[in-house]
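Chemist: This is the structure I want to talk about, given as structure tokens.
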Amino acid sequence: MNIQVINKSKHPLPAYATELSAGMDIRANISEPISLAPMQRCLVPTGLFIALPQGFEAQIRPRSGLALKKGITVLNSPGTIDADYRGEICIILVNLSAETFVIEDGERIAQMVIARHEQAVWKEVEVLDETERGAGGFGHTGRG
């Protein structure tokens, strides 16, 4: 699939690390480092602008290594970039650790997954179809 992209950053375009990777790493495009204190959040620009085909979205997800080792994650995970959005892709990061984390220019801060989606059409009814599970939730299956 071809996706139109404008790269106003100083960094390479997002790319798949391996042949079977689902996500592409996205880099910070900042003029100076950002110090992210514990429990602080910030909006990090990427310098990327994209035009997705109809029926697709870009999901912005945390990088597992950054989350595990440093406590840095995407606050609204997954962040959604709609096919009709044409602004700069910016990432909302939050520091869930007890230590300040410094984001450097060009640092890989999140990953982007391109995914198909459907738009739902609501059908109002008086009663829902019965299922074995019914209304059970939040640990109902005994596994949590």
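Including glycine, each Cβ sits where the backbone N, Cα and C put it.
Pasting the feature list from Swiss-Prot:
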type: BINDING; residues: Arg63, Ser64, Gly65, Asn76, Thr80, Ile81, Asp82; note: substrate binding site
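Looking at the shown structure, what environment does each listed feature sit in?
Modeler: Proximity of Arg63 (substrate binding site) to non-local residues of its own chain (separation of 6 or more, Cβ distance below 8 Å) is seen for Asp25, Arg108, Ile109, Ala110, Gln111, given in sequence order.
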Chemist: I'd like the number of other C-beta atoms within 10 A of the C-beta of Thr80 (substrate binding site), please.
Modeler: 12
Chemist: Using CB atoms and a 10 A radius, I'd like the single residue among the binding-site residues Ile81, Asp82 with the highest neighbour count.
Modeler: Ile81
